[in-house]
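Visitor: I am attaching a structure below and will ask some questions about it afterwards.
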Amino acid sequence: MLGGSAGTRGGEAEGDGAGAVGAVAPPPAIDFPAEVSDPKYDESDVPAELQVLKEPLQQPAFPFAVANQLLLVSLLEHLSHVHEPNPLRSRQVFKLLCQTFIKMGLLSSFTCSDEFSSLRLHHNRAITHLMRSARERVRQDPCADNSHIQKIRSREVALEAQTSRYLNEFEELSILGKGGYGRVYKVRNKLDGQYYAIKKILIKGATKTDCMKVLREVKVLAGLQHPNIVGYHTAWIEHVHVHVQADRVPIQLPSLEVLSDQEEDRDQYGVKNDASSSSSIIFAEFSPEKEKSSDECAVESQNNKLVNYTTNLVVRDTGEFESSTERQENGSIVERQLLFGHNSDVEEDFTSAEESSEEDLSALRHTEVQYHLMLHIQMQLCELSLWDWIAERNRRSRECVDESACPYVMVSVATKIFQELVEGVFYIHNMGIVHRDLKPRNIFLHGPDQQVKIGDFGLACADIIQKNAARTSRNGERAPTHTSRVGTCLYASPEQLEGSEYDAKSDMYSVGVILLELFQPFGTEMERAEVLTGVRAGRIPDSLSKRCPAQAKYVQLLTRRNASQRPSALQLLQSELFQNSAHVNLTLQMKIIEQEREIEELKKQLSLLSQARGVRSDRRDGELPA
């Protein structure tokens, strides 16, 4: 038998080792009987839970899940409030419980941080509501049928509205755009009546490191205060529940035939269905490269408005249908039906002989409700982008004959826009931040004077998205991924497209392409795509070189393949591009900074002198006779 033979071999090995050394092992203090293999019993009629264990019981491995740990922390905080009404002592009890669970290895200190206090508040409200509903149900009639389950589910949307800051405080008006890492919505604050832009980023499968990186970068963005940077107001995190099918099996439905590959790759929340995305942060919508591959990597339509409507019909286990809509490019309404697997907590009969057979049902993968984090970033509303301005300039340039009669083509206007852009880039580079996705769509013109505002910073956690995002197409071939190539094709530097390391000089390449587009009107989109693509090979339009030689020179310098040879934002501000006006402004800014430092130093010296004088006066008062 295996157990006996293994023990015999082990004894022979020990004996050989002892003989080689020449030492005799001392007799054991307690002589235990030799272990033999367990006798075999006929357990065919014994329930599985009562059968004899033949191996040590393996403890289940609990994978680190931020959402689960946040819920556990919220439960601890809720219990602390229930058992200790005093707010101060309740807070102390909560901290003590967290420390205890951290020592036991059940929690991470990260999930107990104050950054998630608002999220825990939402959990506590939901827990309170759930307890009240359960208590009312038990008090009414505990022996009734399961019809109350449908009532509880019908309250899910209302409960989400009660615990959502976004739904409570803001009225969503329209969608402004789809970025690489989320969607931006135009909203109105219900309290002050002002309009804002809120970017919603769906975080899927977040780990501790990922969440810390997101929070750290949000804090960095909050510290950016500059006239040429989109104003940042606040940020918060909420829980959202998304119905995701683990491994979707293609079902032959007529409604699925009209769906494109791009639409079929995401569900109603824009969550990717690729299996490799489970171990990394996944943001709503597709990656920038996949999103822009059909427009900005080739030819981009000026009137390109991505609006889709798709109807998702979700079969609930009670037989009800839940519908959600999303617009499609051609404006048509399409339907997609997903059959949800049964919930283990609720007994149900989920068979239908008319619509599908048992074999079809067994082929479907179970669908689970996953809870993800949604990051909300409230920003200043800027509706006019530089892309819109350039498109209008190109249209008017075809109509205007005299440049003086067409301010959109005037060099002075383009120079003013480019100067403010470079000043904003100089500021963020001075703060140690690389934008990584500078393009006309991410640059805005605000107010009547059309002040330049740089926005839509590509979060560095986008690198986390791309680590394991090796998507696979339908036919099994590897789909193009972005990896570390963050940016849009026409404006991204060569090192970004090659996936190598990049720094602030990568932003300067994008600045060079934007400089060319500001001073070179295009008649067609094909012409624009050809010219901007030719810049990579060092080809500058002859018309630009003749009309604006200084701008053409710096376009050539900024788009060099060697990143170290590109001028910095500071060098641009000190160049002849702005006829020394930028240099004067920069000098004044540096003087103001120096003066502020001197003022701070003088304040410190004055405070020290006042303290010294106070000590001297006290000593003198002590020496005076009574």
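Cβ atoms are placed via backbone N, Cα and C, with glycine included.
Quick paste from Swiss-Prot:
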type     : residues                                                   : note
REGION   : 1-37                                                       : region 'Disordered'
SITE     : H83                                                        : site 'Heme-binding'
MOTIF    : 88-107                                                     : motif 'SIFI-degron'
DOMAIN   : 170-578                                                    : domain 'Protein kinase'
BINDING  : L176, G177, K178, G179, G180, Y181, G182, R183, V184, K199 : ATP binding site
ACT_SITE : D437                                                       : active site, proton acceptor
MOD_RES  : T481                                                       : phosphothreonine
MOD_RES  : T483                                                       : phosphothreonine
MOD_RES  : T488                                                       : phosphothreonine
REPEAT   : 547-552                                                    : repeat 'HRM 2'
Visitor: Looking only at the repeat 'HRM 2' (547-552), what are its DSSP counts of helix, strand and coil residues?
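Guide: Each residue of the repeat 'HRM 2' (547-552) counted once, the result is 5 helix, 0 strand, 1 coil.
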Visitor: Can you count the other CB atoms that lie within 10 A of the CB of K178 (ATP binding site)?
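Guide: Neighbour count, Cβ to Cβ under the 10 Å cut-off: 18.
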Visitor: Nearest to H83 (site 'Heme-binding') in three-dimensional space, by Cα, is which of the recorded positions K178, V184, D437?
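Guide: Closest by Cα distance to H83 (site 'Heme-binding') among the recorded positions K178, V184, D437: V184.
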Visitor: Check each residue in the chain of V184 (ATP binding site) that is at least six apart in sequence and keep those whose C-beta is under 8 Å from its C-beta; list them in sequence order.
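Guide: I175, L176, G177, K178, A197, I198, K199, K200, D456 - these are the non-local Cβ neighbours of V184 (ATP binding site), listed in sequence order.
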Visitor: From the DSSP assignment alone, can you count helix, strand and coil residues within the motif 'SIFI-degron' (88-107)?
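Guide: Secondary-structure composition of the motif 'SIFI-degron' (88-107): 16 helix, 0 strand, 4 coil.
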Visitor: If I take the alpha carbons of G182 (ATP binding site) and D437 (active site, proton acceptor), what is the distance between them in whole Å?
Guide: 14
Visitor: Determine the Cβ neighbour count for L176 (ATP binding site): the number of other Cβ atoms within 10 Å of its Cβ.
Guide: 18
Visitor: How many other Cβ atoms are found within 10 Å of the Cβ atom of G182 (ATP binding site), counting all protein chains shown?
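Guide: G182 (ATP binding site) is surrounded by 24 other Cβ atoms within 10 Å.
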Visitor: Mind giving me a neighbour count for D437 (active site, proton acceptor)? Other Cβ atoms within 10 Å of its Cβ, every protein chain shown.
Guide: 23
